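**Student:** I'd like to ask you about the structure that follows.
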Amino acid sequence: PMEEMQKTVELLSLWDKCVEGASGAPALAGPCLAGNRLNLDVYPDGCCHFLRLLKEQREEVVQVEFLRLSSNDCLIGTTLDSLPHLQHLKSLVLKGGHARDQFGSCQRGSLTSLPQDFGKLKCLTHLDLSFNRLSTLPSSILCLPSLHVLLVSHNSLVALPEDFGCLSKLTFFSAMKNQLTNLPQSIGELSMLQTLDLSDNVLQFLPEEIGNLHNCKELVLSGNCLSSIPDSLANLKSLRELHLHSNFLVTVPASLASLPNLSRLDLQNNCLRAVPAEIQALPFVDLHGNPLGENEPSLQAGESSARGPRKLSCRLRKHSVIHSCISSKSFPVTSEGCKVVLPCDIHFYFPAGAVSDPLRIHFRVLEPDPQWVKLRHHDVLLSRVLELQPHGVKFQQEVQIWMPFVRPRMLHEHEVVVRTFSGQSWSDLRTRVKEKRGLTMAHCSVLHFSWFLVVGRLVQDECEVPAEGTLLFSRVDPDIKVIFPPGVTEEPRRVKMQVLHVPAEVIDEITANAGCRASPLLCLSQDSLVDFLNPVTIQLPLPPGITGLNLDQLRLRLLHGDLEGQTWDDITSQVELKFTHIYVMFEVTHFSWYWLWYTTKTYIEGIAKKVYERLRLYQVNFIALQRKRDPEQVLLQCVPKHKVDPVLERLQNRYQGPEPSDMVEMFEGEQFFAAFERGISIDMDRPDCVDGRLSFIFYSHLKNMKEVYVTSPVDRKGRAVKGQVSFYRGAVPENIPEDASRRRKGADSLWLATLPIKLPQLKPRCDENPGPLCGFSFPPLNLGNAETGYLTQANLLSIARRMGSDWQTIGLNLGLTYQQIERIGHNNRDDLDKQILSMLFSWAQQNSEDPDCVSKLITAMKESGRQDIADEVETIIDLGRQKYSESIRRVGL
């Protein structure tokens with residue numbers, strides 16, 4: 001109720017007034033207990049405050065009826081022992097998820113059980129244990145006679161207790177996102193249950209007793225492994241919503257059509273080839289994603305039938321394919337094995353026997369963040385980050401993964417690898433590059449799931465060095481080799497070699513054409529901390545243009561660098577150099593970077609450091625273009641220098657704007673910001689907006705592009721606004737040389753470039769000069785829902801304003817018929833704006849009750865070539881979802 005929500009907001013406000021102290025430690029006072037509520041889950045050290053309150057104000061605390069604590073708190077175990085003293089407690093929330101890991105994922109709480117005397121809370125009616133680590137339901141819960149609401153979602157439950165039905169007063173039960181494989185027969189004894197949510201588990205069958213839930217109004221069983229459902233579901237006369245999408249259903253009982261109160265039946269993404277006529281006749285049934293009427297075997301990726309290509313089957317039969325319309329961000333895997341295609345064209349192959357029990361895989365595709373995507377020197381990122389859960393699950397056979405990536409524009413000394421995070425560190429997998437369905441894919445095999453990304457790294461040659469010695473050649477430059485003599489080591493150790501060629505123009509640029517030359521950079525590393533027992537011989541080619549005939553040995557310098565490339569030392573006098581006509585050989589006992597220079601300069605270490613830094617920089621230009629049909633739509637992009645002309649040529653038909661900025665240099669993974677200035681602004685609530693500026697991360701082979709909708713607080717009536725967008729540096733990657741970071745400090749060091757933006761003057765208002773939009777009324781409506789975010793009438797008007805002549809194509813992709821499009825065009829034939837508004841709002845009215853209408857709108861925009869509008873809609877929805885979640889967390893609901 002709204003009055004309860006208002007009370008909670010007032011209590012939180014009162015709580016904030018009670019938090020004080022210069023040390024930062026909250027000092028709690030008696031007024032925090034007003035209303036018999038304590039909301040301690042959104043504050044650090046909430047359990048510590050609770051224990052102190054219980055000690056200092058015991059009489060007031062034991063009267064508390066509503067309590068919220070975070071199970072991410074390190075003192076939650078101690079606090080649990082004190083909770084049975086709160087005999088008046090009615091609502092208890094012990095949720096995790098209040099902390100996030102370095103990848104942005106919610107961290108589960110530490111609860112694995114509850115104390116046995118927890119069952120003494122005889123007044124408890126509401127219990128929330130979501131986002132914890134429960135593998136079994138604590139037995140003390142079954143001793144709570146007044147329990148009405150129980151939430152145990154996002155745990156690791158594999159089964160419910162056999163006497164679960166003793167919770168006879170339960171009206172709401174949610175166990176979504178667990179590992180439940182079956183249900184106890186006693187579940188049918190929950191006669192008062194109204195809502196049952198068991199989605200995203202691995203249920204293979206349902207007991208007949210589930211049909212005894214005569215008061216159940218909503219039953220959610222989506223995302224499981226059900227191949228059939230019992231006929232007893234037809235006994236649920238109170239049922240209004242039945243969710244069965246993303247299962248293995250091959251048939252459904254026709255008796256479901258007789259349920260008198262049923263208003264929604266979701267059967268999407270199953271294996272239904274035939275559906276009873278009674279079910280198909282229901283106006284509210286959703287059968288999308290089923291192979292209805294198909295008798296031939298499902299086609300593999302890339303195949304087509306004699307009738308032409310068709311959509312792939314969206315369910316998991318043996319070696320079948322999940323179509324790329326997966327919307328639940330998860331899919332099940334059984335012991336039979338399967339092939340899977342995600343919406344982002346990532347492919348999986350699970351061989352038969354990879355899992356022994358049904359398992360549900362959850363996936364996310366994340367934008368790369370330099371805070372946790374740790375690139376090594378000279379690495380380039382070629383894909384976004386794929387997260388697969390559950391983490392750490394070991395498969396019995398290797399699972400194959402194909403990840404699409406951007407084909408790198410690199411020299412021959414680079415190779416493509418899939419990099420994965422083990423929970424402690426990143427490691428590279430053996431990777432093969434293949435062409436699959438017109439995409440360039442990185443193929444690898446894994447036995448566990450975590451985070452994956454595709455990286456371009458320096459070619460890595462490696463070998464195992466035995467006590468007998470061996471020889472290691474470079475695939476990049478066969479003239480480079482390392483000779484390990486007999487007795488070099490007692491225990492076998494693994495060594496790695498990487499080679500980087502240095503362009504002569506880079507050296508000439510740094511040294512001002514002083515005639516310096518350098519050999520390829522050689523990096524050697526090993527898996528042992530112990531130096532070699534005998535010297536190892538390294539062979540390097542002489543710098544370009546230098547041979548034994550014209551060699552001046554006094555000009556030759558051998559440099560040694562640490563593995564981070566931060567310091568370079570001249571070790572020429574410390575080693576004995578041996579020369580042939582085209583090679584130099586020397587001996588070392590430990591590994592690092594080695595670099596051979598030929599120069600007349602006495603001090604070469606500083607020059608080498610500058611050249612090495614320059615090898616890691618990319619020359620880029622910034623562009624800021626405005627859409628011709630809608631100048632308020634601005635495209636910003638950071639483009640590598642060699643791609644500027646092709647990018648501008650591709651965009652010139654739809655965009656216009658100033659020439660690109662002057663060339664600047666950036667590191668891979670460097671942050672930068674775009675700020676609109678001089679009378680131009682953007683929506684400050686955008687998720688990627690930091691202090692009024694748009695945040696970017698530069699990755700040389702990914703699109704550093706955003707389209708934004710700009711406005712102006714300046715009165716544009718009668719005159720245009722001449723503003724600008726400026727680009728500024730942000731955080732520099734951690735492993736950048738200290739000198740390079742230091743040179744960027746100062747008053748103007750953060751500024752990169754500025755480009756002009758011009759907003760034309762606005763047309764006269766309707767009340768001053770009546771126009772075609774005057775008199776056109778729009779019915780009030782909201783598309784979507786509170787949890788996923790709404791598209792309001794104002795949002796729809798903004799979208800309509802940018803459609804232009806594309807409105808007919810968009811209308812057809814939204815599902816309108818040609819006849820409807822022609823009728824709208826004819827009825828408003830003299831007014832393009834009214835044509836657009838009539839089309840969009842007539843569709844919105846017809847689909848306002850469809851929960852998927854917003855996603856359909858986004859898809860239609862993409863299919864119509866209006867990615868800019870699709871991105872804007874997704875931004876609005878993401879912002880709405882974020883605000884909704886924050887408000888729910890803030891008011892403690």
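Just so it is clear, glycine is given a Cβ too, placed from its N, Cα and C backbone atoms.
Sharing the features that TrEMBL gives for it:
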- HIS448: active site (ACT_SITE)
- SER450: active site (ACT_SITE)
- HIS590: active site (ACT_SITE)
- SER592: active site (ACT_SITE)
- 327-458: domain 'ZU5' (DOMAIN)
- 459-600: domain 'ZU5' (DOMAIN)
- 792-877: domain 'Death' (DOMAIN)
**Student:** Fill in the CA-CA distance, SER450 (active site) to SER592 (active site), as an integer in Å.
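**Tutor:** That comes out at 31 Å between the alpha carbons.
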**Student:** What are the DSSP helix/strand/coil residue counts across the domain 'Death' (792-877)?
**Tutor:** 66 helix, 0 strand, 20 coil
**Student:** Could you measure between HIS448 (active site) and SER592 (active site) for me? Cα positions, answer in whole angstrom.
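**Tutor:** One finds 32 Å between the Cα atoms of these residues.
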**Student:** For the domain 'ZU5' (459-600), DSSP counts of helix, strand and coil?
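**Tutor:** The composition, in the requested order, is 14 helix, 59 strand, 69 coil.
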**Student:** Sorted by position, what residues of the same chain at least six away from HIS590 (active site) have a C-beta under 8 A from it?
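**Tutor:** Result: ASP531, PHE532.
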**Student:** Ranked by the number of other Cβ atoms within 10 Å of their own Cβ, which of the active-site residues SER450, SER592 ranks first?
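**Tutor:** Of the active-site residues SER450, SER592, the most buried by Cβ count within 10 Å is SER450.
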**Student:** By DSSP, what is the split of the domain 'ZU5' (327-458) into helix, strand and coil residues?
**Tutor:** 0 helix, 66 strand, 66 coil
